[in-house]
Amino acid sequence: MALSELALLRRLQESRHSRKLILFIVFLALLLDNMLLTVVVPIIPSYLYSIEHEKDALEIQTAKPGLTASAPGSFQNIFSYYDNSTMVTGNSTDHLQGALVHEATTQHMATNSSSASSDCPSEDKDLLNENVQVGLLFASKATVQLLTNPFIGLLTNRIGYPIPMFTGFCIMFISTVMFAFSRTYAFLLIARSLQGIGSSCSSVAGMGMLASVYTDDEERGNAMGIALGGLAMGVLVGPPFGSVLYEFVGKTAPFLVLAALVLLDGAIQLFVLQPSRVQPESQKGTPLTTLLRDPYILIAAGSICFANMGIAMLEPALPIWMMETMCSHKWQLGVAFLPASVSYLIGTNVFGILAHKMGRWLCALLGMIIVGMSILCIPLAKNIYGLIAPNFGVGFAIGMVDSSMMPIMGYLVDLRHVSVYGSVYAIADVAFCMGYAIGPSAGGAIAKAIGFPWLMTIIGIIDILFAPLCFFLRSPPAKEEKMAILMDHNCPIKTKMYTQNSSQSHPIGEDEESESD
């Protein structure tokens, strides 16, 4: 008995060092983070609209005095404008009673027109104003994450990846519970902003951890494709999961289910990563400012930013546009994103492997062009079925870009800098967050000012124009001191070139400064 227990403990101890288990932890963290990111997409526009108009209807009802009839003997009829009902307490003529009931019914229709046609709102001005409000709420998470990322990158270099990873779980759990019980815009904004800090911890630490345990370029690309599949699954499940539970159970339900799943993730992290131990990197990483001056890293980061900015602009603006032009039901507001989510999942898994063979630069270039063209087609849709093809194209192409550029970030650090990954994946996450910070906030304002179709035209053209810059990532040159290290056969870090040795380098303003020790 003791021997079997000892063998089990030894097996569990060995599993803690398993690369596949670490990959699963990162996959699960990204899955839940992005479920929380997208579960609010169909809920918030409709929820804010409903609480705003409930408030307006209540103000109208409480401000209206009770009707008094001028004819004698009409005091036997009592009218309630709280629930718009008529109660007869005495004798009165049928004609007078019918007239007063008709008047009360007319008042009911006037004060509650929004509830009678909740799926097809007529208050165009209110919907336009909500573009800005919803856009700022969605952008707050990415903005906070954007500001937090550089600090998390430096922190992982000093104390390792497990503690920031577990901290991200704790913050995300608090944010999820806050979403469940928030009843005002202010508390929703705080919950969304708090999620940004947790996401920063999970994303930077998770990707850095994968890059450190998967040192081979091809294996790293495959692993990051799988991890991004978790992100894709979260984006896939979030909107329909949120919209269906919101319509048939209520606002609180999806967030409570999500909170339970987050607790499960925390338990696994606690067992495997042992976040109480500080595990600093064995060598000092390249300064963040040096990485930001590397033009190849900036091109890769720009691809991530502009590709994701397209879907980020869609998140607040598309549900409102659908409510305004298609009279869409609540559940349709989330299901509309389903094609993009499914295709993103397909794209990240297919091109996580294929991009290494065809060239990651080419994969990203084609992805940027497809993103732009698909976004340009979205305003042409007349109903929810017309959104299927362009949304599918958007998701698939963003999957191509993300699964190509994430491994390239680690590859560029191996090739041109010190192989410590916290800071470079902080830059990658900053790029991702810039797309999700600028996208909803600017997108909401642009949609209000010049309309949803012009918003899609602008971001579509930007993506297409940025695409040719990916050509410079075809064969980035190594720094001289790094080339000497990589040529050493005894070097413990293996990196496989993803282009042919005969391909020509394309230097673009390379920084000749040597790395600081």
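Easy rule for this one: first residue shown is 1, then count along the chain.
Each residue, glycine too, has its Cβ placed from N, Cα and C.
Checking Swiss-Prot for transmembrane segment across the ranges 49-69, 133-153 points to 133-153.
Membrane topology from Swiss-Prot places TYR161 and ILE190 on either side, one opposite the other. Of the listed candidates (TYR161, TYR185, TYR436), Swiss-Prot assigns TYR436 to the same serotonin site as LEU231, VAL235, ASN308, ILE311, GLU315, PHE337, TYR344, ASP402. For the residues ASN91, ASN501, the entry in Swiss-Prot flags N-linked glycosylation site at a single position: ASN91. The topological domain 'Extracellular' (382-392): residue composition by secondary structure is 9 helix, 0 strand, 2 coil, according to DSSP. Contact counts against the transmembrane segment (444-465), taken as Cβ pairs under 8 Å, peak for 295-314 among the stretches 21-41, 163-183, 223-245, 295-314, 332-355.
In the structure shown, across all protein chains, TYR344 is the one of the binding-site residues TYR344, TYR436 with the greatest number of other Cβ atoms within 10 Å. Stretch with the largest number of CB pairs closer than 8 A to the transmembrane segment (21-41), among 163-183, 193-213, 223-245, 252-274, 361-381: 223-245.
Counted as Cβ pairs under 8 Å, contacts with the transmembrane segment (223-245) are highest for 332-355 among 193-213, 332-355, 361-381, 393-413, 418-438. Same-chain neighbours of the transmembrane segment (252-274): 15-16, 21-22, 25, 28-29, 32, 35-36, 39, 43, 161-162, 165-166, 169-170, 172-173, 176-177, 179-181, 241-242, 245-246, counting only residues six or more beyond its ends whose CB sits under 8 Å from a CB of the stretch. Counting Cβ pairs under 8 Å to the transmembrane segment (418-438), the top-ranked stretch among 193-213, 295-314, 332-355, 361-381 is 295-314. Here the transmembrane segment (361-381) does not touch the transmembrane segment (163-183). Their Cβ atoms form fewer than 3 pairs under 8 Å, with each pair 6 or more residues apart.
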